[in-house]
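Data block below; observations after.
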């Protein structure tokens, strides 16, 4: 009965019937309380978003998989200490991190959230060494600012490592052809209850954290199962398309809804490397990717036609499915959510990536490579072409010799891996440059992508962010609109888009965006940030603050929401609260230069100029190309009377962004305070060319002329300033200045 | 003595309501119609005084603030003889050095009455710790008064530091801050 129950549970899990799975699993565990079954039960709970239940039942369990799942449950419940302890158990030198790359990645995340930057970097690096396709780890490295480490990891080193793995694989392969009938992981294979459990558990483990991204789909069916024991019987990879019975390559892929079809016959013949091709689809716009449905021989055939891969059984790396699901989850293009809806199987166009399961060496240090879940989705690439042909070869060879087939398969795999690595490398380069705020280079890097990859919302959002950092708001707006046109459900970049619109004062577009995003997903913190920005533009700061706080309720680690709250408090002149908010933002992410800038402005207003200078410098350290930051630092220095330095900084600001009028204006200000009136006037004349309708320019010129004792010219400029319709408060200022034209500057009146 | 009855309603973006920074008190009130009804953003509820004239509303700030405008909501139709007729606005640093800055005469007002606090000979704002609104007389010689809502406005702080102006053009304003 145990096997039957296990099978049913796994089947239910596969088709997302979590209540059913949970119930059956509880029966299973009641009768056969083994660690594997416990793990399966925890998986069921985890999948049904009940991480706390998984936490309770897994407490104290020792096996690697259970520890990993326990750590994930702890993480969900915000209990970092326990999560870390679970991953590093037994503590000390002998500790063995479960699931290799995935375990290290989890450790990295925990360290990052508990503010141990170096440790986090170490863990992420290790994870990437084990699996060069672990994009999330790479992303986090960039966000931490660990540029040098990140730069190396997707380079040639990774390629050579992959090749090594391949060699190893072959070698394994050859020595294993005589292995007994493989443990097919196909769960319909009634033989191995434990394996199928392991398998489903793996598929699960990744998803919980990202359940909201419905990466479940991916986690679910990836065919990987690990045989963590057996000597000769290595991995069992379970999927493949096959229409010949002999090879039971049951292909299980993340399918939207199509259940896995029991492959007829399931014995793998103890073959080594395994090529899995699971397609991950992203449904971006026209190129609807396909999720290969596992299964029916007919489907399989079609898949083959569409260039899916054949899987050769082999050893699987446990973490593979999880990683892929996590990757899918973390993918910026939340299009993955739509994978479920994108229809199953054959017929749909497009191609996906391949889930490569690489047979690793026996034991826990198997590496895994191949992750088809490129965050931007993997489209049909050139590799498919080549793959197809080699697949055909494989097909032919099949009846002949499985080993030979395997050999071909692994070559195919290697090409695919290299191709993927290239893609990841370009994306990684772009992302890394963007995180270091080298926006030009980032845009260049991203432009090297093939068109279909470029036109995905994740990439477009990154490019638009780069434009935004370069203060090229019209271009950023254009790109963001494009991204939204392609996939309106991708909300990750919406908050930056709203900032762009805020700067451009486009209130109609901003309110439209706010309505759309909130309607799309009421539980998305970015949507509420957009709403908040919308109200902030209308100067309704209290309501804006309310919305930003709502965003924080939804995700208490959302750095930008803290910064925006800070901005609102400052606008309401509540500096204490503003300081708190900015400091929170920095606590979440110390590279968030907006928060450093915010702190600087508060101290500037409070006339604590040294503190202001310090904070502006910190912000500048992070983002050294921002003209606005240079300008503000210059202003702070001017306030500290360090005019030399101020002038040089303002010069840098001008060079950094020629179109930025503020540093020129400030430079004129500084020059005026140094009584270099002619230089100041020269600057302002230049400025007049650039911004002919800016009344503050004329006002300053008027003041200078007054100092130089040209009252007529001063009056002339004041009048022009008035004509340009500044805001009412400023009108008053100008009028006062006009009235005082004939009075010396130092005579001021107090009102009361 | 000016009559600046309705005054100017300035653009919302130009001023901020700063009543929340102050402590509000009244010279007398009828139980159930106390000072909090002056600040509840509800024009249905009102403060009713309960003593001798003049009736006073005191607005005390912790720090010297810049003040721009005062707004009172009164309704002759509903309140008739309780509606204020002559209002004196005084300001200063404490109760002992109040100085009258404006006297306003109302004639059967219905709705918001805006009183500008800027001294009329200059465009500067009023800077004070304490503002006192004294109701000197009511319509039809009523003894007590009803005021439904009071708001006090100050100018908006400029978002760009170190610079007194709001930028008018997009090129300037887009580059003037980091959000």
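Every residue gets a Cβ built from N, Cα and C, even glycine.
Looking at A:205-263, A:264-322, A:323-381, the stretch flagged in TrEMBL as region 'Disordered' turns out to be A:323-381.
Residues 113, 491-495, 497-499, 501-502, 505, 507, 510-511, 513-514, 517-518, 564-565, 567-569, 571-572, 588 of the same chain lie 6+ residues outside the repeat 'TPR' (A:525-558) yet bring a C-beta within less than 8 angstroms of a C-beta in it.
With DSSP classes pooled into helix, strand and coil, the tally for the repeat 'TPR' (A:559-592) is 27 helix, 0 strand, 7 coil. Here the repeat 'TPR' (A:525-558) has a mean pLDDT of 94 out of 100.
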